[in-house]
Each structure stands twice: as structure tokens, then as C-alpha cells.
């Protein structure tokens, strides 16, 4: 399914809000996207089309994957990154070629009052060095007509490729993809073996991913917009402030500069923007960890489902549903979840009769099945998330696991009343 096909399906299903009147890229588009929550297509942001909240809910992920919402994580946990990638000679992305680079002509958004600059938030940075390729989403701060500052997180793959090239005095060629097949957007948000992002996307959608070669040799999928360039060897600038998944400002750091040398795009391209700390940002950060937790818990007990909750920024809080068979199962599940996602701060384990997508049902389990001195596991001075405002300066935190499952020998005490159907 193409990017435009997916947008068309949203429209056909009545799930796309369209804004025809002019909208400012400074705060206004973000303000509307935050209020709308669902997919919203702006037809005139500084004369350009912009879509936000494209994959902003599990309903959109369900549509993308072709499975019910409750089966998303089971599906993702079963897919291996072994799909087919095909190199093709041309692309609709080549409809317009701009050698005179001016990034300010793009509808790059300013989202919050203290943002360091306008930010590209949905750019997939594709890089390759010495035969090793990577594709991943990075926040990109506008610092000039042909320059972007990229937040490269150590020790992730783009950071390592740039480090390796810089140590040899060489620039790292990159191509920044904006607006492509949603399965590719998801695949490049997750953790797969180096260079397997496009293969994973192909496996997810069940059809090959076509790529074409940019002028700098980087191979990219068909997209709305491609920014070709390179990451400078030594040049660094202040990057930030920027709002991260907790809705608070991340710190300002010295980060590498990407020089853009050419822009190619579709006619009348649809720019993709992700609202920082918005629903799409949360899902793209969190959902890729759910299959990892699912598989890890499955090694120690019978796992039924996993969710990283919206209230926990889809990153810091998890609810794990198991089929409990022994009294140790829930605590084993807690430890497995923490091992699978080291940024996880709090985890709740529940039984099969609890709807993990309903916060009230999860709270009911905690209220009626937890005895504080027996069912709460506290682990101090362990690695946490750099995104947690309450974490220590050395990156450590305290983690809490809650066993909100029934006591097996007293199961009848926890039976929930049912009104029979007629």
C-alpha cells in the first residue's frame, strides 16, 4: 500500500479530517493536530499539504497490518525481517528535481513555544557506509537553507555509521525520506538487525519493497519527498530544545550537521509531520517494544498480550496479560518485561479477564487483587530512561512491578459477576 493509498483509505472510512483553509506552520498546525488526535490533512500550510497523526492510534496500525487491534502485537512478534527488497530504475519521487536547495520552502513545523527551531519530525534518515545500511527516524532541526542538525543517539546505528566515517575523515552520505508507505515508517521506528528495516517492512506487508538509487548512491523507497546530502565529519551545532515523548523538553546538545545537496519530490507532495509527544510519536516509540516484551515474557510464562500505555507515554509503563499457572508467574513476567525494555519504569501484570486496553479495568485489577506487602516488587538503582524527568543524573531509577493477578488457591474470591445473555 502506498502512502497516498493509505491516506485515501482513511478518507473513504471517514477517519480523515481535512482542513482547507490556510494554516500557519508556527504552532497552529500542531495545535489543531493535538485537538483532533486522529489523522488530519492540511491542504494549505504555507502553500503545501501536510498530514499529521497518520499512525496516531492502534486503529490505524490495525488497518496497516490487516489484523484486529487486539492481535497487533501477536502479529508483530511473529514477523521476521526477511522480506524482499527490489532495486528499480525509476520512481514517481523523481517528478521534480531541485538542485537549488532551500529547505525553508518546505512546510517544516514549529510545534511548541520553546522549540529551538522548526523541526522535521518524520524524516527517515537512510545512510550507508562500507556496505552497512541503516534507516531510522531522527528529529532534524532546521539550521539553514541547506542544513539540518540531527539528534544521533549513541550507540544506535546511524550514530555508529557516522562515527566510523568521521574517524576516517569521511562524510556519511544520507537520504532523508518524507512520506512513504506506513509499513516502512513503522519498520524504521523499530529495532531490527542492522540494514534490515526495508526487509522487515516487506515482511510486514507481504509484498516486496521497491527502492531506487539517489544521486549519492543511497537507496530509498518511493516517497513524497527525498532530501539528499551528507553528515559532516566535524561540524556540530546546538540542537534543541525539543519536546520528547514525556511532553517535557529534552536537553540541548552539540549534534552533527546534515548538508542537503539536492531535493527530489512528487508533484504536489504531501509532507508528513509527527507532533512531538502526540499520539503518533507515542505509538511509533512504544509499539516496537511491545513484541520484544511479548517474546521475553513468553519465555517464562504463557503471555496473552502486552501494551505500553498512553498514560505512561507509551514508553515508561506496560501492562502484561498472562495465563497464570503458578504463583511465581507474574513476578517472572515482571522481570522479563524489565529486561526486554530497559527504559520501562513500571509494569502491571494482569489475568486474562482484564482488558489491558481499558485503564479502568487495569485499575480494578490493582484495587481488588493487589496486597502491597506481597505483590509489589521494587528494584532500586537500575538503568532507566534518559527521557524520564524523575530519573537520576547518572541514568538510574527505581522500577516497580505490580502483580495484579488472582491468587490461584482463592480464585473464586475474584470471580467477576456476569449478567447472562437472554
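Numbers run from 1 along the shown chain.
Glycine is no exception: its Cβ is also placed from the backbone N, Cα and C atoms.
Copied over from Swiss-Prot:
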- 134, 197: Mn(2+) binding site (BINDING)
- 244: active site, proton acceptor (ACT_SITE)
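Taking the features listed in Swiss-Prot, we show where each one sits on the structure.
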| residue | record | DSSP (3 states) |
| --- | --- | --- |
| 134 | Mn(2+) binding site | strand |
| 197 | Mn(2+) binding site | helix |
| 244 | active site, proton acceptor | coil |
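The two recorded residues, residue 197 (Mn(2+) binding site) and the residue listed as 'active site, proton acceptor', show a Cα separation of 23 Å. Between the CA atoms of residue 134 (Mn(2+) binding site) and the residue listed as 'active site, proton acceptor' there is a gap of 23 Å, rounded to the nearest whole number. Every protein chain considered, the tally of other Cβ atoms within 10 Å of the Cβ of residue 197 (Mn(2+) binding site) stands at 28. The Cβ neighbour count for residue 134 (Mn(2+) binding site), using a 10 Å radius and every protein chain shown, is 22.
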